[in-house]
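So the structure is just underneath, and the comments pick up after that.
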Amino acid sequence: MVSPTTAAAIKRVLEATETDGLLAIEGIRKEFPGVVALDDVRLRVRPGTVHALMGENGAGKSTLMKIIAGIYQPDAGEIRLRGVPVTLKSPLDALEQGIAMIHQELALMNWMTVAENIWIRREPRNRLGLIDHAKMVEMTESLFSRLNIVLDPRAQVSDLTVAQKQMVEIARAVSYESNILIMDEPTSALTDREVEHLFAIIRDLRARGIGIVYITHKMNELFEIADEFTVFRDGKYVGTHASKDVTRDDIIRMMVGREITDMFPKIDCPIGDVILEVKNLTLPGVFHDISFSIRRGEILGLAGLVGSKRSNVAEALFGVRPAASGEILIDGRPVTIDSPGAAMAHGLAFLTEDRKETGCFLALDCLENIQSALITRSHVKAGFIDQATVTKLAEDMAAKLRIKTPNLHEIVENLSGGNQQKLLIARWLLTRPRILILDEPTRGIDVGAKAEIHRLITGLAAEGVAVLMISSELPEVLGMSDRIMVMHEGHVSGFLDRSEASQVRIMDLAAR
Amino acid sequence: MNATTQPAIAVSRARRRLPAELNILLVLVGISLTFEILGWILQGQSFLANPQRLSIMILQVSVIGIIAIGVTQVIISGGIDLSSGSIVGATAMIAMSLAQVGTFDRAVYPGLTDLPVVVPVAVGLLVGLVCGAINGLFIAYTRIPPFIATLGMMVAARGFAKWYTKGQPISFPTDSFAALGKGLAPVFIFLVVAAILHVVLRYTRYGKFTYAIGANPQAARVSGINVERHTVKIYAVAGVLSGLAGIVVAARGLTAQAGMGTMYELDAIAMAVIGGVSLSGGRGSVIGTMIGMVIFGVIISGFTFLRLDAYYQEMLKGAIIVAAVVADVYRQRKRVKKS
């Protein structure tokens, strides 16, 4: 016999679930230093559905998921579970509220067994309070047989393949018996057959009333598995629809509908002979049969989504992680580039993607940062740096690029992102490169500095430098490039001329 | 219920590996046999078949072994503890000052003599606990590297030990306190500690969390582990064990001096590393450290047995420690290449 008050409470919860769904997110805002990652976003997940979250790189999908999983705290906004507002201060909070997540970066403990990884913090214990390993293995086996996974629970995670690790993560997330399961690009490491298996698991979970948030940028996955989807763009909410109501093109338009304003227009400059030619460059398991060429004065844009391995191609060209096979020709002659030093000797320069991790020496001053590439090849006599000449060159370059710093002895950590980026460009320009590879040259810097860097790149092209520019920002690629190469999962999926390129056409090639 | 009607997916059975301790045990056997052979050749006598030599050796290493057990769990969690030797000095002084006999007229605390043995022991362990907890709090909540936090404690605790009696040694303990260091008592204390920590690391959540944090702190956090709180616990336990070692050292020597335990931290780390505890965290065991400790003892007593000059002994000790770490790095690299 249920008391009237309990009945009323149940009714209230049911009604809330009716209107609010399982998970409701309203007005979430999250800022990181210098960037607004999420601005007034919302999301509503109904029980027993798969809700896909779509968006370009940097749209804010992963940030929102980390907020729901309790890893980040939002600056503003509300999260409601079955109509009840909650605060999720830690991953433990989220887990206890019935939210589990499969992380994009593998979050497993190497050197521990599969079973230990799955049941960490929830290990079965015997009467003495000690962990019962046999029971834990048994629990893992029954979980695996339920999910149709064949894997030894006693195997060490460090011995597993990436796909096997991914299955362990999936099993662990399922083992929490949570109401909400977040999957952040769970298929990125899986083969087609394994993806099918994952989808079977997902369909089963859905049938049991679990709400699944599925982050992906693969269109075919969306249509195969998702009931509904929400699109984010630049940290903002764009819209939510049922996947059966829309076409692929509709979604692409929602994802890319960004205005092309405040972009520096490309100046047409004479394009010369082919300087760099790449034939069938392959690094097994990473990228395959990459072929393209760049001419003097040409800017070749390189577009693709996360996982398209664009940066790996750049790293191979610059000898950071050389390709296993294929040919690189400079001025028509085959060359061997097995180290960054060799690449520099052939006139290449490489502005890396992450200026803090692989670019700047943050604790050193501007002068030391600018001169570091130059002095590996010249201006050193009998072991001593010709500091007077080098300082003069660095000062001139800093002035030319209008790097804003009190003087060149300022520590680089204190500079703004835009000035750090200019500093790195200055470093490479001092080596007088003939081929300049730029990986995300304007990521995370403000609009004014962006325009200046765009002007600089165009200017270099006008001087005859061949530029390969990787960028996740489609307007940048469209605005700057003479031609655009699009990659998809380690393969070149197409080339577009400036005249025929559009955001929709690029996304079409990038998101097969 | 069955999730799928499809055939089992392409996730195959991974092979199981032999325990890492087996390799280390083989190294121990190899080294012992080498000394045995060299003994017959150079000294005309057996190295191993000498109970007296073996018991001296075990006694020598078991005090540092107590520290090594604590350091093992710190290193497994991805940290390091340089303060244990100084904590030994500080606790030896404090414990001894509360363990003096009343018949000695220049006791540190003339009103506090002939106390039951539990008092100096409890206070000593508490001092170790506090020192360790301070290490842990700094490491967990200010995010300074464990190397620096424990280096600070190493200098500060040693300073405290010297300040405590302005450099004077403290002597004349009660019989019951002295009993803690008498004969093979330190060996038994070590064995009890090792047995407890072995069970704790293997069969409790404390142990699993320690391994998890060392293997992947980020993963530990998203699994719901309170990484900060657990880090404090790990260093506090290491501090308690250093304190226990300090008590045993003082009891065994019948006197406490401010310089006691100097360099113990490095010997303890060396035992753990030789025993297969990885300095990059996530791997190692109490059993491994125990074998490492015996290897350490065999090498030292072997060199003495071969009448090798003490200076050479230290140089070789240094080389062996580096070799153990190189072996660990090499194992790791091989593993990465394979995957």
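Note that Cβ sites are derived from N, Cα and C of the backbone, with glycine treated the same way.
Automated prediction, rather than curation, is the source of TrEMBL annotations.
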> In TrEMBL, which of B:266-285, B:286-305 is tagged transmembrane segment?
Replying inline: B:286-305
> Of the stretches B:22-42, B:54-75, B:184-201, B:286-305, which racks up the most C-beta pairs under 8 Å with the transmembrane segment (B:234-255)?
Replying inline: B:54-75
> Can at least 3 Cβ pairs under 8 A be found between the transmembrane segment (B:184-201) and the transmembrane segment (B:82-101), with each pair 6 or more apart in sequence?
Replying inline: no
>> If I count Cβ-Cβ pairs under 8 A between the transmembrane segment (B:82-101) and each of B:54-75, B:121-140, B:147-164, B:286-305, which range comes out on top?
In response: B:147-164
>> Please report, as numbers and ranges, the same-chain residues at least 6 past the borders of the transmembrane segment (B:54-75) whose CB is under 8 Å from any CB of it.
In response: 48, 81, 84-85, 88, 146, 184, 186-187, 189-190, 193-194, 197, 201, 207, 210, 214, 234-235, 237-242, 244-245, 248-249, 252, 264-265, 267-269, 271-273, 275, 277-279, 281, 284-286, 288-290, 292-294, 296-298, 300-301
